[in-house]
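Structure, as structure tokens:
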Amino acid sequence: MKMINSIFTHGSLIILLLLFHSISIKAQEVDDEREFDYLEGSELGPEKWGELRPEWGTCKRGKMQSPIDISNPVQVTSKELLQTKYKAQNAIINNRGHDIMVRWEGDAGSILINEREFDLLQAHWHAPSEHAINGTRYAMELHMLHRSTDPKLTPTMVVVAVFYEIGDVDPFLSRLGPIMSSLIDQTNEHKQAGVINPMEIQLDDECYYKYIGSLTTPSCTEGVTWIINKRINTVSSDQVKLLREAVHDHAKNNARPLQALNHREVQLHCHKDRKD
């Protein structure tokens, strides 16, 4: 009987050890699912992005990288600036682990720049802001990614960016808040958001910064036209907190470090009647 009890105890110990090992491996697999992070000094951090995959080499070697510190822009006045032709369309909200993204499932409209059309694909947020103005970073930055309707022409991508400082709630985020709350820590999960009108995002198309840069996440593809609103919108601290809670710990501050300007020109485009 003692032998049976001994065998049973020994067997139980082995089972527990195997179970613990299995859980440990599973936890390791979850951690390894992320391909990059924003943690300074991490093996997957921004300074290592260009070494993680061959196709991400531009993150390290590129000379036209984003984000940048915007200072001393060249003033440009014009009668015709950015034109928005957005329209309401069904969308989904996706927790990508490193950010929260709204992706429109159909034709959500486009923007016109120099008589060229770029379709709106998705929008996502970074906190704090990725770009800076004279060394100042803001509480949050929204990116709206657009792709050219003619892929044979360059640039093929345009990102419209909006800065936010802490203040009144942002109406667009308020509408999406309940869905975002349901996606907290639900990496790679998405939910239908119904019909979302991009016009609800308060853009300033009469005064904006413009320069040529890159995507701010791997693969850091260059040749991206950046349109950054000069006007600063507001967002509540609770809304920023929600965006940070929804993603993994490694992405609560999901802003890439500032990149070298490398003699690129930054322009400030304002309508001829604009006074600011």
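Just so it is clear, glycine is given a Cβ too, placed from its N, Cα and C backbone atoms.
Among the candidates Cys220, Cys270, the disulfide partner that Swiss-Prot records for Cys59 is Cys220.
In the three-state DSSP classification, Asn134 (N-linked glycosylation site) falls within coil.
Shown in sequence order, Asp69, Ile70, Ser71 are the residues of the chain, 6+ apart in sequence, with a C-beta less than 8 angstroms from the C-beta of Asn134 (N-linked glycosylation site). Counting other CB atoms no more than 10 Å from each candidate's CB, the binding-site residues His124, His126, His143 peak at His126. Using a 10 Å Cα-Cα cut-off around His98 (active site, proton acceptor), the recorded positions His126, His143, Cys220 reduce to His126.
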